[in-house]
Amino acid sequence: MSTIVGLIIIIGAIVLLVKQYETRMVLICSGFLLALAAGNPLAAFDAFSSRMVTPVFIKSICSVMGFAIAMKITKCDQHLIHLLAGGLKKVRFALIPGAAIVTAMINTSLISAAGVSAAVGAIFIPLLISLGVHPVIAGASVLAGTMGSLLSPGLSGNAFVAKLADVKPIEIVSAHSIATIFAIITGAIVLAIVAHLKKEDKGYVPADDDFKVAENLKVNPAFAIVPLIPVLLLLFFNNDAVRLAIPWAKSIQVPHAMLFGAALGIALTRTSPSIAVKGFFDGMGKGYGDIVGIIIAAAVFVSGMNALGLVDEFNAMLAKSESIASISAALGPFFFAVMTGSGEAASLAFNEAVTPFAANYNMTIINMGSLVNIGAALGRTMSPIAGATIICASLAKANPLTIAKRNIPGMLAAVAVAYIFLSFIL
């Protein structure tokens, strides 16, 4: 009976989200109703209070949003957009897939989907919109690239499978790298096709000044490079050789890079420090309210599902599908991640429940575990409640559900490609 009640609440929440009711209101109310149905209302309160102070979200998101406002005040973002606009207009066909692939490349080093969405999205989303790409597609293109972390040995899923297979994490990455790369490319290309069919790949005229490129702006290359500085710094200090040579390099985090980039922009452009610093902190506050606020609401929603046992039931149901284990290894975590918004939770849950028995289904632990990880990442990439989706939607000023919907065809095609490679080719 509790399962039926839970499903009714979830369906109701989905309907309200589709009708574009306030996202935070829907998720929080639904989460509390689920927790009440489970007889454990404190679960929702605990999720709310614990997620309010989650460092990984607050530090990255708030500092990135503060930096984004600082770049607007200094007009450094306009210099970068104007500099790139001319060249990108000549290769318009590559705009959308190119943004996804570049995001994936950066995501191999900055493995947090939320972090890379904020850092890269702050640059690429306004750029694409200024070139006529619809905001929904601009946000979806960056989101589509957030599966690049699969190519990092530091990803928790890769490390978990490596432990099961008794190999090094880099061997897991090597085993599925071809499948992952083809999945990323497939998702990017299909998204471009979707954009073309919906006529959202060109012709959009932004009504918001935040997305407009200044006319007849004389580009200063030094100003134009400033918005890229934080990402370049993070990539540089994340390099293994650099970390060996510079002991403190591993301590560099997103807030450090954002503060340095903002200070550099203020100094180069000679913008009033008081105005710029005020804008930086205003941006941080907006980031917490608009983005972290939705992530908090999503945590309340998932906590309600957990309290009612829906997550465990869903996991157990798919884990028992032994006759189609290889398919469920991809689709199970895929739909789990769509439902919860967490690729990491999906991959770890399925790798623990299913992957140790891979030999029973004529698959290796490495291949099945890799399939689980890829399925989870792809599912998270089309989840409307994932942190990365929320960030991309906020930067594009679009609805998270609408952005997630644009990625559905690409992610379904990508998971099919990954399944074929890992089950029949590699």
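Cβ coordinates come from backbone N, Cα and C, glycine included.
Quick look at what TrEMBL annotates:
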TRANSMEM  25-44  transmembrane segment
TRANSMEM  56-74  transmembrane segment
TRANSMEM  95-125  transmembrane segment
TRANSMEM  137-161  transmembrane segment
TRANSMEM  173-197  transmembrane segment
TRANSMEM  217-237  transmembrane segment
TRANSMEM  257-276  transmembrane segment
TRANSMEM  288-311  transmembrane segment
TRANSMEM  323-350  transmembrane segment
TRANSMEM  408-425  transmembrane segment
Other parts of the chain folded back onto the transmembrane segment (408-425), taken as Cβ under 8 Å at six or more residues beyond its ends: 144, 147, 176, 178-180, 182-184, 186-191, 193-194, 326-327, 330-331, 334, 363, 367-368, 370-371, 374-375, 378-379, 381-382
Stretch among 137-161, 257-276, 288-311 sharing the most Cβ pairs under 8 Å with the transmembrane segment (25-44): 288-311
Contact yes or no, the transmembrane segment (137-161) and the transmembrane segment (56-74), 3+ Cβ pairs under 8 Å, gap 6+: no
Any contact, the transmembrane segment (95-125) to the transmembrane segment (217-237), with at least 3 Cβ pairs under 8 A: yes
CB contact flag for the transmembrane segment (56-74) and the transmembrane segment (323-350), at least three pairs under 8 A: no
Interface-richest range of 173-197, 257-276, 323-350 toward the transmembrane segment (288-311), CB pairs under 8 Å: 323-350
Tertiary contacts of the transmembrane segment (257-276), as residues 6+ beyond its ends and Cβ separation under 8 Å: 63-64, 66-67, 70-71, 73-76, 222-223, 226-227, 229-231, 233-234
Contact set, same chain, for the transmembrane segment (173-197): CB under 8 Å, 6 or more residues outside the stretch: 93, 96-98, 100-101, 104, 133-134, 137, 140-141, 144-145, 147-148, 150-153, 158, 366-367, 370-371, 373-374, 378, 381, 406-407, 409-411, 413-415, 417-418, 421-422, 426
Intrachain residues whose Cβ lies under 8 Å of the transmembrane segment (323-350), provided they are six or more past its termini: 113, 156-157, 160, 298, 302, 305, 311, 314-315, 357, 360-361, 363, 368, 371-387, 389, 411, 415, 418-419, 423
